[in-house]
Amino acid sequence: MWGLAGGRLFGIFSAPVLVAVVCCAQSVNDPGNMSFVKETVDKLLKGYDIRLRPDFGGPPVCVGMNIDIASIDMVSEVNMDYTLTMYFQQYWRDKRLAYSGIPLNLTLDNRVADQLWVPDTYFLNDKKSFVHGVTVKNRMIRLHPDGTVLYGLRITTTAACMMDLRRYPLDEQNCTLEIESYGYTTDDIEFYWRGGDKAVTGVERIELPQFSIVEHRLVSRNVVFATGAYPRLSLSFRLKRNIGYFILQTYMPSILITILSWVSFWINYDASAARVALGITTVLTMTTINTHLRETLPKIPYVKAIDMYLMGCFVFVFLALLEYAFVNYIFFGRGPQRQKKLAEKTAKAKNDRSKSESNRVDAHGNILLTSLEVHNEMNEVSGGIGDTRNSAISFDNSGIQYRKQSMPREGHGRFLGDRSLPHKKTHLRRRSSQLKIKIPDLTDVNAIDRWSRIVFPFTFSLFNLVYWLYYVN
């Protein structure tokens with residue numbers, strides 16, 4: 001009962017107020033009363049001195065700021081900056097602009113801003129900024145009856161963002177926007193984020209091709225220079241790079257090219273043209289990928305994560321080419337060279353021995369035999385020739401073979417020849433084995449290729465495991 005009566009009383013007393021507000025609004029919008037608004041604006045601007053800040057000589061002016069981010073257009077690693085388009089709004093109170101008789105806010109033409117005092121705000125890490133001017137200059141001045149001024153701008157700024165690219169492209173970057181007063185110190189002006197943590201909006205709408213915004217932070221502090229202490233506001237973005245683009249454009253091609261270089265291990269080692277062409281092609285392709293990547297990044301003095309990976313892939317590709325060079329050397333180089341050297345050495349020794357022996361005949365009539373003659377005589381001996389009366393084979397400690405002319409008794413000579421025959425055969429076999437040329441085992445090139453088929457994939461897999469565990473975590 002009492003609630004119903006109270007509601008009626010509230011309606012009775014509030015009705016005149018609503019009627020007055022509506023009448024006031026209608027009177028302002030009425031063309032006949034536009035002269036009153038014009039007189040009010042003229043009165044506010046008459047005698048207004050833009051050279052003096054509000055409450056000059058008194059407490060500092062408190063300037064609140066809001067930012068509505070329209071877009072982040074580009075993040076450049078080459079120039080170490082990013083481009084941001086935003087609606088930048090500043091609020092402060094200027095008692096000289098307070099008015100009465102008009103219960104509405106006055107949104108004035110943007111050119112009025114040139115006749116009013118505005119904060120000397122600038123972006124500390126700005127490289128290039130501009131206020132949009134299509135179709136007119138994108139700025140706004142709105143006056144409130146209590147003298148509060150809203151000054152809004154649509155700005156595109158390119159701000160510096162110093163990046164640490166050691167973990168590129170598995171990195172996270174912090175890019176900031178530093179807002180500061182250029183001339184007024186903290187004795188004259190103070191900055192604050194209007195609305196606290198909600199002072200910046202539009203972050204959730206931003207979509208970047210290579211980054212994801214993990215978080216943003218707002219900071220308010222004072223910085224001290226030689227000319228005094230100045231207020232500073234900071235908007236910081238934490239950007240995490242999306243790895244998908246780099247997997248498709250860099251990592252996967254590098255992995256496939258590295259695997260392609262291992263195909264040469266399955267190609268026959270005497271197919272030089274195929275293996276060399278494959279090795280050189282993969283090396284040049286890796287070089288091209290490295291060159292293209294360096295063109296898209298700044299010239300920095302430290303090694304990046306992607307440099308480590310591409311260098312590792314390049315090493316594997318280059319080692320695959322060197323593996324065939326080693327196989328080629330074993331098959332076509334070292335083996336024949338060793339065989340040729342041994343043959344030349346043996347021939348030279350044989351010629352020297354033949355030449356020296358041909359000129360030597362001792363006093364007893366011993367005749368020097370060559371290895372070939374010894375071999376022929378042994379064939380005769382093994383062939384059943386048992387008559388050793390005319391000749392006998394003997395060896396001295398120097399390994400020189402002699403045929404001694406002698407005429408032993410028939411029975412005694414046959415007995416000596418038969419008894420010494422096994423000993424002579426054994427000794428001749430041992431001496432003739434020393435004359436054989438040791439031909440290298442050329443089948444080891446197949447073993448090199450077989451081991452390469454196992455070692456290269458295993459070490460490359462281990463390299464990938466260590467790389468991704470280190471940089472991802």
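A Cβ is built for glycine as well, from the same backbone N, Cα and C atoms used for every other residue.
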Inset, instruction - Could you tell me whether Swiss-Prot assigns G244 and N351 to the same side of the membrane? - result: no
Legend entry - Record-annotated histamine site (Swiss-Prot): member among Y122, Y151, Y269 besides S181, Y182, T227: Y122
Legend entry - Which range of 83-103, 272-292 is transmembrane segment, per Swiss-Prot: 272-292
Inset, instruction - Determine the C-alpha span of the histamine site listed in the record, that is the greatest distance between any two of Y122, S181, Y182, T227, in Å to the nearest whole number. - result: 17
Inset, instruction - Run through the Cβ atoms and count how many others sit within 10 Å of the one on N33 (N-linked glycosylation site). - result: 14
Inset, instruction - Measuring CA to CA, name the entry from the recorded positions N105, Y122, Y182 that ends up nearest N174 (N-linked glycosylation site). - result: Y122
Inset, instruction - Please compare the recorded positions N105, S181, T227 by how many other CB atoms fall within 10 Å of each one's CB, and tell me which has the fewest. - result: T227
Inset, instruction - Determine the minimum-neighbour residue: among Y122, Y182, listed as binding-site residues, which Cβ has the fewest other Cβ atoms within 10 angstroms? - result: Y182
Inset, instruction - Whole-number Å only: compute the distance from the Cα of S181 (histamine binding site) to the Cα of N33 (N-linked glycosylation site). - result: 40
Inset, instruction - Please tell me which one of the binding-site residues listed here (Y122, Y182, T227) sits closest to N105 (N-linked glycosylation site), measuring Cα to Cα? - result: Y122
